[in-house]
Amino acid sequence: MLPTRLLRSSTINASEIAHFSRLSAEWWNERGEFSFLHQMNPVRMQFIREKLTETAYDELPEEAVNARNVKILEGLDVLDVGCGGGLLSESLARLGARTTGIDASESNIAIAKHHASLDSRLSQNLTYEHAPAESLLQDPKRYDVVCSMEVLEHVDNPAMFLKTCAELLKPSGHLFLSTISRTPLSYFLTILMAEKVLRRVSDGTHTYSKFINPSELLEFFQKYRSPSPAAEDQATQIRPWITRLYNGEPTRKEAEIRGMIYNPLSASWILAPRGAWGATECNYLFWVRKPALIDAISS
Amino acid sequence: MSLLAIGSSASRLSFKSLRNASLNYPRRFISTANEEFDVVVVGGGPVGLALASALGSKTELQNSLKIALVEAGDLSKIRDWSPPPGTFSNRVVSLTNASQTFLQDIGSWKHVEKERTAPIEEMQVWDGVSDARITFSMSELGLPASSDGMARLTETLNLQRSLLRHLNITPTVELTDKSKVMSITSEEIPGGWPLVHLDTGRVLKTRLLVGADGPNSPVRSFAKISSYGWSYDTQAIVCTMDHLPKGPFLSPNTTAYQRFLPTGPIAFLPVSATASSLVWSTTPSLATALKASEPSVLARMINAAFRLPDVSIRYLHDRILEAHQSGKPITDEEIKAEISWREQSHSIDRTSAYSSVTTEASASPGIPPLDAEMVPPTVTSIQTGTIASFPLRYNHTEAYIGEGQGSRTVLVGDAAHTIHPLAGQGLNLGLGDVECLARCIHDSILQGGDIGSYTSLLPYTQERYFENHKIMSACDKLHKLYHTTSAPVVQLRSVGLEILNELDSLKAAIMMSAGSVSRTDRPLSYNSDTRAAMFNLAAKGVENIRTAAHVAGVVKSGLAGLAANVLQNLAKAASSAQQEQRKDV
């Protein structure tokens with residue numbers, strides 16, 4: 001069960017923000033502190049591409065999907081929550097998404113803006129904003145895709161953070177998350193080896209108790225129902241985001257969990273196949289889809 | 001593995017002029033409006049053109065890639081190249097099946113003039129000192145005899161022209177020839193992109209700068225990538241040789257021959273029924289002397305180099321060098337007389353294929369001699385204007401990707417590695433680089449990556465650096481191994497070669513890794529030929545257990561011979577020591 005401290009209005013942890021602000025100049029050094037994230041980026045994008053292509057083939061005529069082979073995100077509104085230096089945001093924008101990157105650290109946003117300004121191809125559809133995710137709820141704008149990569153394990157109130165992300169989505173929108181499981185293996189790899197022994201990542205980047213297991217995310221979305229559009233038909237008529245599990249796995253159309261495995265020899269990450277044994281013991285990607293409007297009310 | 005590839009004739013820009021230029025051109029260039037590109041390829045040699053073709057042929061990337069290719073020379077000369085039939089350019093490359101498949105995939109192979117290319121169906125390689133021989137043939141690879149050979153000899157110009165024709169119909173690539181790169185700088189802001197200043201005043205700003213600009217790569221000096229290597233103190237003589245067609249009872253002219261002389265390997269590469277290409281690596285002084293004498297002397301020396309024992313070849317070389325030093329190059333009559341005398345003294349039968357002067361047998365249409373397939377056809381003349389030579393080097397850069405100030409740069413082909421031509425792998429390695437780099441760029445774009453970033457380019461280095469290094473050092477070791485005449489080394493290498501000749505599956509494996517079998521990057525879609533070849537390989541493995549027993553015999557006799565040799569040498573040394581002692585007394 002995710003810890004819930006619902007009383008607080010923000011999920012931002014001040015010491016986490018200070019930590020990343022200190023490191024912000026390092027964001028675009030591909031061989032430095034954040035090299036793991038740079039190497040992880042292609043795999044995250046691969047997962048986003050695969051999942052969006054898969055759902056597009058389910059819903060659109062084949063030719064329409066084939067036609068946007070490269071720019072799979074063309075015309076979509078995408079929000080990157082906790083964009084850091086903009087590693088993921090830039091990639092999303094290159095694939096055609098109208099991308100908004102937000103981060104709670106002002107220096108991160110400054111770095112991200114500077115780096116994006118170097119690439120004229122990005123100027124048209126990439127904007128950055130120094131804002132917490134909660135503040136966007138006041139704005140009526142909702143997104144087709146919300147991504148929040150390697151953020152969940154740094155926020156104070158994950159349940160509330162997930163709710164915020166969920167509410168920022170349009171109906172049938174996609175939520176992509178990546179985070180770390182709370183297992184002995186993940187402690188060994190991400191804290192003991194990466195931070196203490198090999199010192200590839202600054203000490204204090206991760207906090208073991210904040211790691212979140214895939215089963216906890218599944219549990220959350222099995223219970224989570226979007227607030228009803230019409231206030232009078234209350235929650236009874238709206239299905240939860242994940243209706244049921246089969247052998248502990250969600251269905252392909254509702255949610256998916258995929259492990260990411262680091263290969264130190266080739267210095268690259270691999271997207272583990274669906275259901276690969278033990279693959280989600282450390283870093284993993286999570287996708288869940290907001291129910292469509294009709295779907296949500298009728299079922 | 002015998003054939004050759006000559007280094008790509010990428011634009012050679014002098015490093016000196018580059019450095020001066022960067023001093024003379026202050027910042028005012030930076031203030032002018034820069035044209036922006038995603039990829040700028042410097043160098044219009046085969047490797048640079050192939051990269052532009054490969055990237056341009058990916059139609060789905062059309063909106064994501066703006067490509068420019070910069071070349072100092074005039075590419076229209078190559079585009080309009082139309083030599084008379086029967087004459088061939090001296091720069092040929094043996095394109096492995098892997099390279100051909102790649103060129104087919106990008107759509108440029110169909111523009112190659114097939115009539116001017118020739119398949120290689122067999123290779124004969126032998127030791128210049130011991131005559132130990134190894135034969136590679138199609139049947140051993142398990143390829144059907146009807147297929148396209150192990151490799152295809154293609155003139156470099158023919159390949160370049162095909163790539164240019166293909167680029168003509170590729171709208172995404174901007175070809176800029178007759179434009180010299182004056183200097184390369186980078187934007188003066190943190191994380192700035194490279195700027196390529198051309199002598200026409202244009203400044204190209206690029207996300208990714210590709211150095212396909214040959215061994216003295218200006219892109220490499222901009223990126224401050226160091227390289228290590230050595231020169232071989234060897235010159236390669238190249239020319240196109242005319243010879244008579246092979247007789248009616250012989251195989252067609254599709255066999256490549258290579259003999260490892262102690263001065264360097266000499267290779268005979270068929271390009272048509274009556275013409276073949278030569279690559280002869282030898283000492284710089286001999287190369288100079290041969291180029292200074294009449295072409296017919298070179299023709300006679302080529303024939304002799306494939307036929308006479310090493311001792312006679314050394315004698316002939318000395319004669320040519322003496323004559324050259326005295327200022328009177330040796331005449332055709334003189335060299336003919338010398339060779340004829342050497343043939344008689346070695347009692348080479350006048351009907352044998354090993355005689356090139358004494359006999360006219362090769363011209364008669366009768367039954368060919370028994371050993372006719374052991375040596376290449378007798379060379380009758382050298383095509384005019386085709387004799388040239390160039391120095392040989394080994395060079396490998398320490399990295400293929402630039403970092404820090406030189407980031408967003410990547411090296412391909414000769415800019416990254418220069419290799420001894422003895423295995424004909426130079427340009428094939430370059431095309432391998434291009435295939436891999438184009439794939440990395442494609443994958444990176446699909447994942448929204450920045451193609452100039454270290455992360456996007458890392459898979460390219462990871463895949464190519466070791467692969468290239470492996471083949472480069474193998475060729476280097478071969479060169480050094482065959483450079484010596486020391487008896488124990490000769491004996492060991494001959495035994496080694498003979499063992500290798502017996503082990504079919506090992507040979508097939510060597511040829512596979514040399515690219516004779518076309519390889520696809522998708523491991524699950526092996527074409528049926530490859531699968532058949534693999535299956536044959538496995539079957540041969542079983543057969544080889546039997547052969548191994550036979551090989552053990554060979555090794556035993558070889559080692560026995562070696563031991564005997566060592567003993568002999570000891571005895572000689574002892575007796576000469578005794579003699580000296582006697583003298584002292």
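Placed from the backbone N, Cα and C atoms, the Cβ positions cover glycine too.
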For the S-adenosyl-L-methionine site that TrEMBL gives as A:R44, A:D103, A:M149, the extra residue out of A:G32, A:G82, A:G173 is A:G82
What residue among the binding-site residues A:D103, A:E150 has the most other CB atoms lying within 10 A of its CB? A:D103
Tell me, if you would, which residue among A:R44, A:E153 (binding-site residues) has the fewest other CB atoms within 10 Å in the structure shown? A:E153
Do any residues at least six apart in sequence from A:H154 (Mg(2+) binding site), in the same chain, have a Cβ closer than 8 Å to its Cβ, and if so which, in order? A:N13, A:E16, A:F20, A:G82, A:K210
Just the number: how many Å between the Cα atoms of A:E150 (Mg(2+) binding site) and A:D103 (S-adenosyl-L-methionine binding site)? 12
What residue among the binding-site residues A:G82, A:M149 has the most other CB atoms lying within 10 A of its CB? A:G82
Between A:E153 (Mg(2+) binding site) and A:D103 (S-adenosyl-L-methionine binding site), the C-alpha gap once rounded to whole angstrom: 15
Let me know the largest Cα to Cα distance in Å among the S-adenosyl-L-methionine-binding residues A:R44, A:G82, A:D103, A:M149, as an integer. 19
With the Mg(2+) site defined by A:E150, A:E153, A:H154, which remaining residues of that chain have Cβ atoms positioned within 8 Å of the Cβ centroid? A:G82, A:V151, A:L152, A:V155, A:T179, A:I180, A:H206, A:K210
